[in-house]
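Read through the structure below, which is laid out as structure tokens, and then see the notes.
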Amino acid sequence: MPKNSKVVKRELDDEVIESVKDLLSNEDSSDDAFKKSELMVDDQEEKDVDVEEGSDVEDERPAWNSKLQYILAQVGFSVGLGNVWRFPYLCQKNGGGAYLVPYLILLLIIGIPLFFLELAVGQRIRRGSIGVWNYISPKLGGIGFASCVVCFFVALYYNVIIGWSLFYFSQSFQHPLPWDQCPLVKNTSHTFVEPECEKSSATTYYWYREALNISSSLSESGGLNWKMTICLLAAWVMVCLAMIKGIQSSGKIMYFSSLFPYVVLLCFLIRGLLLNGSVDGIRHMFTPKLEIMLEPKVWREAATQVFFALGLGFGGVIAFSSYNKRDNNCHFDAVLVSFINFFTSVLATLVVFAVLGFKANIINEKCVIQNSEKILKLLKIGNLSQDMIPHHINFSSITAEDYNLVYDIIQKVKEEEFDSLGLKSCQIEDELNKAVQGTGLAFIAFTEAMTHFPASPFWSVMFFLMLVNLGLGSMFGTIEGIITPIVDTFKVRKEILTVICCLVAFFIGLIFVQRSGNYFVTMFDDYSATLPLLIVVILENIAVTRIYGIDKFMEDLKDMLGFSPSQYYYYMWKYVSPLVLLCLLVASIVQMGLSPPGYNAWIEDTAMEEFHSYPTWGMIVCISLMVLAILPVPIVFMVRRCNLIDDSSGSLASVSYKRGRIIKEPVNLEGDNTSLIHGKSPSEVPSPNFGKNIYRKQTGSPTLDTAPNGRYGIGYLMADMPDMPESDL
């Protein structure tokens, strides 16, 4: 090209640049937000264009720093206190090792499929529970609100348990441990053992009187327990500080809170196996009782444990997965976390029964010594003949086997008057058969066993620090199940919402740190979550398989994962899981109806628990908890069905504006009367700009059909027809 041609070309380019600058300088500044955005609205088959890989503009949504951090968060949420104090009890109660068979079967039928479903919808739509179910069907948007309500109810009392653990943790730095022996009471004349403690045990007395200072009934509040109030405040401060920055702050804490319990469990297992009687406990635990496995109650309790062990329906699973990349292999995550949860339960069961076997062995030795002394007294006064005692028996160092031999001989010879002798059999199995769970296991049975450990304060510190971490891991997921959906839906600042949520929860939670607070914990645990969560998960399954469409969902999974999931999940989601969940719901309702509503009250005079029925106001509270938890579902359905609230008002926004794009959500022109752009009335939508917005679309996005009724027609009509009347939108 000649030299003068280049000069001419440069001059022309300069003129074009100046023209563009002039054009841009005349643009209305009010359109800046619109310039930075693009609207992608299409039919149900292409709902997720907003998360296409390789887009030039990244979504503002936070993301996990690493896959390990995400897995630890899901493990921390699913592995909680129930794995330590609920699963071992169910295993012992329902056939020992045989209980693992129905548990594994139900884990494969409802556990993994439903866990996979929640992970997939959260990762696919990248919203919390409210946004996810409003996206799939606005009429079922109440599912997300119901999950938030249940999460709030559970968080109220779950953090109280963390407070109890903090109290015991703080009291473990002393030797001997304060619950090692019964306290002595002094009066003017003499010193004696506290009667309430003497009638029960040192650990039982410490739990009910020193820690809880419990009242004798639900109606007798007794005022606040200041020690537990301080511990509850400390627990909420810990949760608030960990959650205030979302996954950026809580994610880093997961490395400790999720891994530390495994270190403690392994240490306890190794230490427990070195103790006398631990093998007896483990053998007793895993000896299968196959006849019990056939009982329907065993399958119902196994299904309930699977359901709650994985945290289904809470919204925490969806919230955590919503921070994943779109192409993350959530199927692998679902299987991995589910089996980590299962093996953690088995590990915890080994630890619990190794320690309880050691405790049973100590109690059995005391029983043998006490009853051997009784036999010696009976021999001295002549009630028993020396001839019936084998010659090799030495009562000064008698073993459990020798004592049982003497016991059997005396029982046969003195058959008629045996009961009057007052001898006990002293079988270690009898002690192991005393099933304990929940707070009775953690704060009474296990603490009693640890008092017999060498260096017992160290093991007590480790145990209760483990409980605190297990509780915090679950609390992080529970609070995330509240915060993430509300932030996504109402666009409030996460820091402010977290502080407000924790403050409100602390003040409401003061009812649990009254002297009668333990009874309220039992009430909330029994009635606030079980039935509502079952209904929520059933509706989740229906929403995905029937309303969104199971075939379309399978296609979405193929698009996300890069491979087609097994058809096993297709049949589980469509047929088997809903049927099993319905059966579980019916069985739970029947069980609730057959079981008299009440609680076990601690009676100071007798030093024993006594069953009390709930008063009328208590029954009203129980029913209200269940109704309030599930009430958002019918309310949102009726609001959507009857158009009681204008969708354009923004109260249930389904289009989320983000820097760089507008995240579109479902548009159902036939089935729903929802507007195309929720949260912005047509008059509020910034006017389109011809300068460049009509040409901006994500890298790699397909060529768009500009026909009004085409796949992408509506989005381009808004760009190409700015004078179209607002009513047409």
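The backbone N, Cα and C atoms fix where each Cβ goes, and this holds for glycine too.
Residues or ranges marked as region 'Disordered' by TrEMBL: 27-57 (among others).
Residues or ranges marked as compositional bias 'Acidic residues' by TrEMBL: 40-57.
Residues annotated as transmembrane segment in TrEMBL: 70-88 (among others). Long-range contacts of the transmembrane segment (70-88) within the same chain: residues 64, 161, 247, 250-251, 254-255, 257-259, 261, 285, 305, 308-311, 316-317, 320-321, 323-324, 333, 336-337, 340-341, 344-345, 348-349, 352-353, 437-439, 441-442, 467, 470-474, 476-478, each at least 6 residues beyond the stretch ends and with a Cβ under 8 Å from a Cβ of the stretch.
Within the same chain, residues at least six positions away from Gly76 (Na(+) binding site) with a Cβ under 8 Å of its Cβ are Met254, Ser257, Ser258, Leu472, Gly473, Ser474, Phe476, Gly477. The Na(+) binding site feature in TrEMBL is assigned to Gly76, Val79, Asn83, Asn341, Leu470, Ser474.
Under the heading transmembrane segment, TrEMBL lists 100-121 (among others).
Feature annotation from TrEMBL assigns transmembrane segment to 142-169 (among others).
Taking Cβ pairs closer than 8 Å, the transmembrane segment (226-247) reaches residues 62, 64, 73, 159-160, 162-164, 166-167, 170, 211-212, 253, 320, 323, 472, 475-476, 479-480, 483-484, 494-495, 498-499, 502-503, 505-506, 509-510, 512-513, 517 in its own chain, all 6 or more past its ends. The annotation transmembrane segment is assigned in TrEMBL to 226-247 (among others).
Long-range contacts of the transmembrane segment (259-282) within the same chain, counting only residues at least 6 positions beyond its ends with a Cβ under 8 Å from a Cβ of the stretch, are 72, 79, 344, 347-348, 350-351, 353-362, 364, 428, 432, 453, 459, 462-463, 465-466, 469-470, 473. Per TrEMBL, the feature transmembrane segment maps to 259-282 (among others).
Among the features that TrEMBL reports, transmembrane segment is placed at 302-323 (among others).
Taken from TrEMBL, the feature transmembrane segment applies to 335-356 (among others).
Under the heading transmembrane segment, TrEMBL lists 458-483 (among others).
Long-range Cβ contacts of the transmembrane segment (495-513) within its own chain (Cβ-Cβ under 8 Å, at least 6 residues beyond either end) map to 152, 155-157, 159-160, 163, 224-225, 228-229, 231-233, 236-237, 239-240, 243-245, 479, 482-483, 486-487, 520-521. Positions annotated as transmembrane segment by TrEMBL: 495-513 (among others).
Per TrEMBL, the feature transmembrane segment maps to 533-550 (among others).
Long-range contacts of the transmembrane segment (571-594) within the same chain, counting only residues at least 6 positions beyond its ends with a Cβ under 8 Å from a Cβ of the stretch, are 106, 109-110, 113-114, 117, 296, 300, 303-304, 307, 530-531, 534-535, 537-538, 541-542, 544-545, 550, 553. The annotation transmembrane segment is assigned in TrEMBL to 571-594 (among others).
For 614-639 (among others), the entry in TrEMBL reads transmembrane segment.
Under the heading region 'Disordered', TrEMBL lists 674-707 (among others).
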By a simple count, how many Cβ atoms lie within 10 Å of the Cβ of Asn341 (Na(+) binding site), its own Cβ left out? 24
May I have the list of same-chain residues other than Gly76, Val79, Asn83, Asn341, Leu470, Ser474 whose Cβ is within 8 Å of the Cβ centroid of the recorded Na(+) site, in sequence order? Val75, Phe77, Ser78, Gly80, Leu81, Gly82, Ser258, Pro261, Thr344, Gly473
Out of 100-121, 302-323, 335-356, 614-639, which stretch touches the transmembrane segment (533-550) the most, going by CB pairs under 8 Å? 302-323
Per residue, counting other C-beta atoms within 10 angstroms of the C-beta, which of the binding-site residues Asn83, Ser474 reaches the highest number? Ser474
Cβ under 8 Å, sequence separation of at least 6 from the ends of the transmembrane segment (614-639): give me the contacting residues as numbers and ranges. 139-143, 145-146, 149-150, 153, 218-219, 523-524, 526-529, 531-532, 535-536, 539, 597-599, 645, 652
Candidates 100-121, 302-323, 335-356, 458-483; stretch with most C-beta pairs under 8 Å toward the transmembrane segment (142-169): 458-483
What parts of the chain pack near the transmembrane segment (335-356), using Cβ distances under 8 Å and only residues at least 6 beyond its ends? 71, 74-75, 78-79, 83-85, 87-88, 91-92, 100, 103-104, 107, 111-112, 115-116, 262, 265-266, 268-269, 272-273, 275, 278-279, 281-282, 284-285, 309-310, 432, 441, 445-446, 449-450
Per the Cβ under 8 Å criterion, with at least 6 residues separating them from its ends, the transmembrane segment (302-323) contacts 61-64, 70, 73-74, 77-78, 82-83, 86-87, 90, 94, 99, 102-103, 106-107, 110-111, 114-115, 118-123, 125-129, 132, 144, 147-148, 150-151, 154, 247, 330, 333, 337-338, 341, 345, 474, 476-478, 480-485, 529-530, 533-534, 536-537, 540, 580, 584, 588
So if I measure Cβ to Cβ from Leu470 (Na(+) binding site) and keep only same-chain residues at least 6 apart in sequence, which ones fall under 8 Å? Val79, Gly80, Leu81, Asn83, Val84, Pro261
